[in-house]
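Visitor: Below you'll find the structure I mean.
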Amino acid sequence: WDVHDSARPAHSWCAHAGTTLVAVAVSTVWIIDPDAHQMKEKSYVATTAYSGEVKLWSWSLERGHDELFAVHDHTRPCYVDLSANGRIVVTGGKDLALNWYDIDLSSGQSASSYIEKAHDSPIRAVAISRDEYASMLASGCVRGITRVWDRESGNLLHLIGGHSSWITSLAFPHESQEEWRTLRLVTGSSDATAKLWSLGEEGVRELVSFEGHDGYVNSVALSSDGRFVATGGSDQTVRIWSVQGRCLRVFPHAKSILRVRFAPDMSYVAVSLKSHTP
């Protein structure tokens, strides 16, 4: 959508014909335009369908959309995340598999890896760490378990419990925070809580439990400076928290909240509602 004109979509297209769109992930990068001799913004969009199909698209305001990559490795609906540079796509689904693809954005050729049984129950959320190498993957399942994996080797790095119901959303920091000595991860759950975790060599440590929603926490997001957490829930509220656990603002809505995302400059929070309107 055009953020300056909410009534006018900037661009739209049919990503998956004959099936239902399940999940979308977006990464925006700056590239050098050799003709204009200046930096231009370009977005990559990963989509998944109810059929298990996964696609990666490029999009720009000037050129519209182009399909770069398509694969049908999942047998059931799956969830998706996209690395900061748009090259790495990770998917996890109800078939228990965790797949990831390193895609050449020029040719569409890819190198794929997978863990056939990443969990013993359906995967409901996936995430990629936001470092330059997208070195870690996270997956969360309906039993409330989150696993963190090394992307290069596929080895399990951390196993996170702590939630009493399924994992609905996962979020790594946008970039490494110098004041943090360990990587952090936010988990959201249908047990009405979100949690902030420290992932260090000494193991996993729960830092904060964000409690206040009256219903599922459907989505979590970390601000770009790592100081704030946003949560959206089935109780029709968006909540902004400090990473110390204090609820700073509550924004009520008329519908259940499906997704929340901070703007890069933290000037606003984008919200998707169950009524299918942004």
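Cβ atoms here come from the backbone N, Cα and C positions, even for glycine.
Okay, these came from TrEMBL:
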REPEAT    116-159  repeat 'WD'
REPEAT    160-199  repeat 'WD'
REPEAT    210-244  repeat 'WD'
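Thinking about packing and proximity, how do these listed features fit into the structure?
Guide: Non-local neighbours of the repeat 'WD' (116-159) in the same chain are 76, 78-85, 87-88, 90-98, 100, 165-176, 183, 185, 187-189, 191, 199, 203-204; each lies 6+ residues outside the stretch with a CB under 8 Å from one of its CB atoms.
Outside the repeat 'WD' (160-199) by six or more residues, the chain places 81, 84, 124-131, 136, 138-148, 205-211, 213-226, 229, 231, 233, 241, 243, 245, 264 with a CB less than 8 A from a CB of the stretch.
The list of residues near the repeat 'WD' (210-244) in space but at least 6 beyond its ends in sequence, with Cβ under 8 angstroms from a Cβ of it, reads 168-175, 177, 180, 184, 186-196, 250-262, 264-266, 269, 271.
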Visitor: Using DSSP, break the repeat 'WD' (160-199) down into helix, strand and coil residues and give each count.
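Guide: Secondary-structure composition of the repeat 'WD' (160-199): 0 helix, 20 strand, 20 coil.
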Visitor: For the repeat 'WD' (116-159), what is the mean per-residue pLDDT, to the nearest integer?
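Guide: That region's mean pLDDT is 95.
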